[in-house]
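**Q** According to TrEMBL, the record shows the following:
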- 1-136: domain 'VWFA' (DOMAIN)
- 135-326: domain 'VWFA' (DOMAIN)
- 342-524: domain 'VWFA' (DOMAIN)
- 544-715: domain 'VWFA' (DOMAIN)
- 907-1015: domain 'Cadherin' (DOMAIN)
- 1121-1145: transmembrane segment (TRANSMEM)
Amino acid sequence: MTILWSLNIDLNDYYSASTLDSSITSIPISNAASTVNLAEALRVGFYDFFTLSKGNRFTAFRYFVVIAKTYSSQTGAAVADQIRLNLKNQLFTIGISPTASLIADLKAIAGDDSRYLQVSSAEELYPQFNTLFNNIAVCPDLSFELMTLDCELDIVFIVERYNLRYTKRFLAELMDNITVSSNGIRVGMVLFDSGASTVFNLNTYTFSESVRRAIESISETNQTDHLVDKGLIEARDNVFTAARGDRTDASNYYVIIVGPFESYPEAVAKDIRSSGSNYVFSIHIGNQYQTEYQKAVDTCGDYTKYTNVDSYENLINFKNDILQKIISCESVNITIPDCPLDIVFIMEDTDELSATEFNDMKSFFVSLVSRMIIGDTAIKVGVVTYADGATTAFPLNQYSTANGVIMGITNINQGSNAYNRSSRYVDKALQYIQMEFFTTGNGDRSNAANYYILLTGGPSAGNKAAAFGSAIRSIASSNLFIVGVNISSSDDPEFLDTVDDDKYLKAVNFSVLQCINDVVVPNITQCPDSVTPASLVSPSCQLDIVFIMERTETSSHENYVFLKSFFSNIALQLDVSSSTIRIGVVTYDTDAYTTIALDTYMTPTEISYQILKLQEGTGKRNMIDTALVHTKNNFFTAANGDRASAANYYVFAIDGVRSGASIQAEYIMKGWPNTVFAIDINSGYEKEYRRTAGDNSRYFYASSYANLSAIESDVIAAITKCPVPQPVTTTDGSLMFADVSAPCLNSLIYLYPEDLTEGKDGGQNTMYLMTDFVYTITSCSRITSWEFSHWKSGYIDFMVWRPSGSNYKLVAYNTIYVSGKNTTTYTVVEYERIAVLQGDLIGWRSKGDNLVTSGPCLGPCAEGYKASPNNVQIGEEFDWTNSGTSINGTAYAIKACLEDNTAMAFSSPTISAKIPDHLPAGSFVTLLEPDGADYAEVVNYTVLQHPSYPNSMEYFNVGETSGQITVAKRLLKAKVKSDYAFLVRAKDSCNTTATATVSIQTQNMPPEVLGMPNIISITEETEGDTVLYTTIVEDPSGDSVCCSLESTLPKTNNFVVFGNDTGIRVNYSIMASDAPAFSYRQYNSYIVKLCCDDDEDKSTGVLIVNIKKPNKTTTYEPPGWFMISIAISCTPIFLMALMACVVLIQTMFVPEQRAD
């Protein structure tokens, strides 16, 4: 069986009847098929023919005219029904001598008997043309009412790259009913398989026709992978962006179209749904994996955005249903509270949480933010993560929009190094937030309620959560909410004790956290009853009130929160102003500290807020007597805002035993109208504190810190009563009531040195360390003077020791020479005043006898240790615990007066330096020398990026404690980069800082002619091309060098310069020219100048060439007469010699002749 079909002529092939007629006539007649397939013919017309690229006009009706003679077993009625779903599609059928079965099929295809036409034979078609044409070519009496929306929608279709023939037509048909525009509905598209890619963005097209054309132009390919999550991520990250048309005020619709394939899109979809007005729609084809695609649209069981289709071909049947879903206006119910709220999300970060659970938790908090109005006048949100400790992920003032907060939460990584993740401590998290998070520096507002939203996956370790939760809730306008995930019913009571019943919310597991959004959001955005009371207590007199607050170990943690909350709530209800009530704070442990002056904050909201921000302490003793003395002498002063016209009210709280308070209070109240009020927190010392208050109406008892709120109204009533004059019985002036405060601003003192002048402990070559708490430095400062008694002359080193693990390190000492027996106050010169830190201890040593006197211990004594020999030097450590011997029954007295540490400052805001650009790494540049570095103080330097010179820091190192600036790596050539700058922050031991700009300019250095200047000597006979002198030329900046003869003096052609090397280090020679003419008599010396150039700078080498004086020998030629006279005078001599020779020869060698 053969089924044939062909697309012969497109709608836009011809635009005249004659050419169309000719083309139709020329269509070849295929071999007759045994059967026909009306269903497939309609599919081809519907899916393949009517496209914009083939001439279909977007606004035109589409007429399908089916002409058939042969009955088809593949009837087309079902396909025709799908086609007619779009009213723009009109179907007509013409039967040619049809059978009854074909007539029924054609009528079913037409959908209306009036659209079915019939002829008796094919030859009758032409004669019946006008009749047929008049029935078909009639404009439908239809009007299309475009859907109008009351919202803006950004829709992205996320389509699998599979069976695109059907999904493309489905989407193209949707465009007939979706009006795409720049300010209404925007449409984008993503295709996915094993990856994903964007087909077009939300702002690519602004008309439905353009979107349809783009959809129809997609090539039809089938892929084997169907990773929906890749498509969702592509849409989220690369389509739903501002640059690609996403609008902040439009809802984002993710419309997935996927077949019966496994993909697991739930995690990504959940993350997307959590962010603002993001919605996921799933069009799932087939009956497999339905659950995972249902969960993609909603985790909580609302699957109305899920549509299941049995087959790809039937996708078109669901067009209207899907259309209604994806163009309905969905929006998040945004909560706008009537008050400002500062909210902290507290996220668990223990190692019990899986990565998936941590991400589900982030998505939950993101979904909460998407339902809030975030802004400086509305809700502010910050995040803290916690386990066995806590840290700030981002503060309240980090982001001022919901999108910013969402981005901040999304970027939080699991597994902070700020704490141990093996356990969860809710109390530590709450304490951290109250102390460190809700601060003005982090954006906390005094007029906003503080809401703690804590998420936990199990019970808290340490059994302190309930106590700390109660402490937090005791703070006015603070509220705590706990979201428990997978919490067993046995653990519920712990959390119900931590929060109010309606503020404990539960989720079955992390994956369904977003299902409780509708419960959580209304709770955490509900305004408190009031941040400030409706009316303030205002007395008829002026009052200067000081709250004296204990800050010891026993008053720390949740107790300190209760204490701060108590005083904060009181301050909030008083009429605080510059003319009525003023409130200040003194805190105390072993010493006392003015924490808030009377004139610092002049409204109840401000002072209440600042009290909550007080840092807790860990002091060992609650010396309320010292605190009362400090308050009288150092707090109530004009400089701190004390008014002569106002009564001074001392309101102190204490939880332990301390004698001496009543004595100091009695001395204070001698100066009417000074009044003392005592708040006894189960101290066990009621009698003493009743005496301290002086009247039972001024004594208040609380059974615990948690019960302080029970006496709040009584305390307010008492401390706002105006003072009434009372008669005072004076004493005999005994020392019992004497002011024993130290005569310096801040001091370390136990006994007065002048009271311990006689004792000698007999120590030899011994150093002493005073370990009692009274000798512990309590603040960052420096020592201005030492007061002590001594029994004879000699040298004493007064020492400062700093804890270092289990040992102590000798920081520094002041050496003092004392004379005779006396009590000496030694004022340390400015440049030797030792910088000390909180926790440092003092001590001393003497060479030989111990010179510091002592006395018997008449009461609690300071404990000390001694060790021998005294050979520890500055910077060395010593194990006092194991190597020191305890001193018992003996008291020493040393007073060390302190003053504020000198603040850091740079003498100039800019430190400038100029260096060569060729300095190697490690080379010195300059030294930072800020003012304010005290004796023995370590200054730490931090380098910060200069906004105008972002890449300068990598080229220089700054010594962390030395302040020495060196070159970090090879500098760029000056012609490329010559200006560098960065910021340097100097921080001293007291954390005071100073910042300066370091500006460094590099300069190119000229070449160096290493062998010049120099002097040489040559002779007049020096031949041409002779090398006279060779020198090395080097460019320190690494530039190529070229040298030439600059000049000679006197001017001459006797010299040339030769060099054939290249690079930064080359040899150059000064040579005689090819025909030199050196003459000592003419010029006996030359100055030859060699010019070397690196294209930026030049340098000149000088060679002095001296001509040697000639040393020649001349032959003497005598006159002619002289030679003639010589010849004449020599002739007789020559003749005589000749004759002598003849005679000699004849005599000796010629024999005589004998006569016979």
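Counting starts with 1 at the first residue shown.
The backbone N, Cα and C atoms fix where each Cβ goes, and this holds for glycine too.
Automatic prediction, not curation, is the source of TrEMBL annotations.
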**Q** Short question: most Cβ pairs under 8 Å with the domain 'VWFA' (135-326), which of 342-524, 544-715, 907-1015?
**A** 342-524
**Q** Roughly where does the domain 'VWFA' (544-715) sit in mean pLDDT, to the nearest integer?
**A** 90
**Q** Using DSSP, tally how many residues of the domain 'VWFA' (1-136) sit in helix, strand and coil.
**A** 56 helix, 19 strand, 61 coil
**Q** Mind checking how the domain 'Cadherin' (907-1015) divides into helix, strand and coil residues in DSSP?
**A** 3 helix, 52 strand, 54 coil
